[in-house]
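*Asks:* Sharing the features that TrEMBL gives for it:
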type	residues	note
TRANSMEM	B:12-32	transmembrane segment
TRANSMEM	B:60-86	transmembrane segment
DOMAIN	B:61-267	domain 'ABC transmembrane type-1'
TRANSMEM	B:98-119	transmembrane segment
TRANSMEM	B:148-169	transmembrane segment
TRANSMEM	B:202-226	transmembrane segment
TRANSMEM	B:246-267	transmembrane segment
Amino acid sequence: MKKSVWTRLLLAGLLTTVAALSLAGCGSDKETLHIYSWADNFDPDVLKDFEKQYDVKVTYDNYANNEDLLAKIKAGGSGYDLIQPSDYMVKTMIDLDLLEPIDMNNIPNFENISETFKNPEFDPGNQYSIIYTSGVTGIAYNKKYVKEDIKSWDDLWNPAYEGKVLLLDDNREMIGMALKKQGKSNSTTDEAEIKGAEEELKTLLPNVLAFDTDNIKQKMIQEEGWIATVWSGDASFIAKDNPDVAYVVPQEGATIFSDNYAIPKGSKNKELAEKFMNYMMDPEVSAKNYEFIGYSNPNTKAMDFHTEEYRSDTMINLTDEELGRTEWLKDVGEALQTYDRSWNELKSGR
Amino acid sequence: MSRHKLGMAPVLLWLSLFLIIPMLIVAGISFLQRDALGQLVFSFSIEGYKTFFDPLYLGIYWDTIVLSVTTTVICLLISYPMAYYIANAPPRVQTWGLILITVPFWINFLIRTYAWILLLRTQGVVNTLLMEFGWIQEPLQLLYTPGAVLLGMVYNFIPFMVLPIYVALEQMDKRLLDAAYDLGASKWKAFRHITLNQSKSGIMTGCVLVYVSTTGMFVVTDILGGAKSAMISNIIQSQFLGARNWPFGAALSVIFVLTSLILILLFNRAMQARYLKVKEGGA
């Protein structure tokens, strides 16, 4: 009798076990560029073109947030040649001495980049990084349900949207948003100001449907949420699937962010990484790549090669007036613990 | 005997390499300090443990325990009759029952959890059907609620409860039941003193598996709960990533492991005490 139990369990167990054997790729003598970046951040065809043109191989691994990236690079021996940290993370990585200086002599196409995005405050003189794409955290709303003219962060607090507001599941972004609403800096280190922003957010909770970063797009497309804090590039993505969705950079100002090229210390193919950056900044290549990823292109020379649809997309191409109202998130050092605590208090309702 | 010991070597090596040493490293980190950039500073500190006793984090831990215990109890209430039915069914039905319970494991856990979104969202299957039937006028907000979290937890962990109980029930000596009936025991009495008692080890294993899995789970609260609550595992994760406070995260992990162990031991004790009482009562 005992035996039969185990036979049956084993049978069920065997049926549930799916063994996947992955064979390691065959060896090759070709030079290989190891990229570590966000998912879907390149047009795969463009990567293939680069492989062909320079007779090299490109590998492309993904991370979901800057902190994962930092943990991996800090641990060392990752073997990556090119990474794409966001603005504040570039600064952190420079401070931690994790980045290799970029040799601009190898990147003549750098001159194609818009002056607006050169020489950023998180990396003066572009010693360690070059802008890849940027956007602004603004408000996306569905005109089917939201009839008011949305202009201000204050609109999220409108009782008419009870249980229909979506927020990014990101402590700095959301506390930063509340700070902006109160006319403060999104990177304040003043404990009272952070606390004040937390109290402000607590009064928003009855309106909040969910906190989400990765799937906020789907939740807006499916019309689960009516109004949300959304990155401009994501707003463009949402609007393509759901034309009722509009986007605005609120009048109080908003957080601007960028993803940047950088080379981690310990890269074995630094020159190849620079060659790749230069290739990606070629106007024609650049246009092809950004058409695919649907994010803003800082390459001024590439505009001629972009489609009319891309050029007229106001969520991808923000105006100078809109950009003028934005502020970068800065590393807040020890105050990060206050932000974290406030966020935990907010989430746990205490 | 020595050959027996030799056979244990791979297991011991595996455990020490991938369980004991990492746990010791975590315990070590929990007594360190950090700098503003999140780098570990090698000097002794119990700051992480002190922070835990802040009402905020004690409260979050309490919430986690309440959710885990609730999940475990509901899983037990659903799984016991299921396991009982399967164990007492003809062999063919048994095999099929077990396969049906394990089949969902063919599908990735995340996909199974995301599937609930399709069912529960405002334009989802459940709401659409209810509106079709005219039972509701407006879609119900089913997703991103504590109920959805509980549902997702119970759904995901039921097999962990059914299988151990099934094994215990299947291995039970059924002649004991006959003896009890012969001695005039009622059905309920026989079930309570024999079946329930004999399947105790299964219940025990199932409860521990479900409880431990639930406390460590944060994906379900994020996906089905809309990340609107904080579980202790969310906090641990954020300390190692966003908050860059490894000593606090490590201290939380150590406390987490220790309290789980204590709870399991207490539970074990209670079950054994009950067993002894039953034995004495029966004698």
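The first residue you see is number 1, and the count goes up from there.
Glycine too: its Cβ is placed from the backbone N, Cα and C atoms.
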*Asks:* Looking at the transmembrane segment (B:246-267) and the transmembrane segment (B:148-169), are there 3+ C-beta pairs under 8 A, with each pair at least 6 apart in sequence?
*Replies:* no
*Asks:* Cβ pairs under 8 Å only, please: of the recorded stretches B:12-32, B:98-119, B:148-169, which one is richest in them relative to the transmembrane segment (B:60-86)?
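*Replies:* Answer is B:148-169, with the largest number of Cβ pairs below 8 Å.
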*Asks:* List, by number or range, the same-chain residues at least 6 past the transmembrane segment (B:202-226) whose CB is under 8 A from its CB atoms?
*Replies:* 64-65, 67-69, 71-72, 75-76, 79-80, 83, 109-110, 113-114, 116-117, 120, 143-146, 148-149, 151-153, 156-157, 160-169, 232-234, 237, 256, 260, 263-264, 267-268, 271
*Asks:* Same chain, outside the transmembrane segment (B:148-169) by at least 6, Cβ under 8 Å from its Cβ: which residues?
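*Replies:* Here the qualifying positions are 67, 70-71, 74-76, 78-80, 82-84, 86-88, 98, 101-102, 104-105, 109, 112-113, 116, 120, 142, 195, 198-203, 205-207, 209-210, 213-214, 217, 220-221, 223-225, 229.
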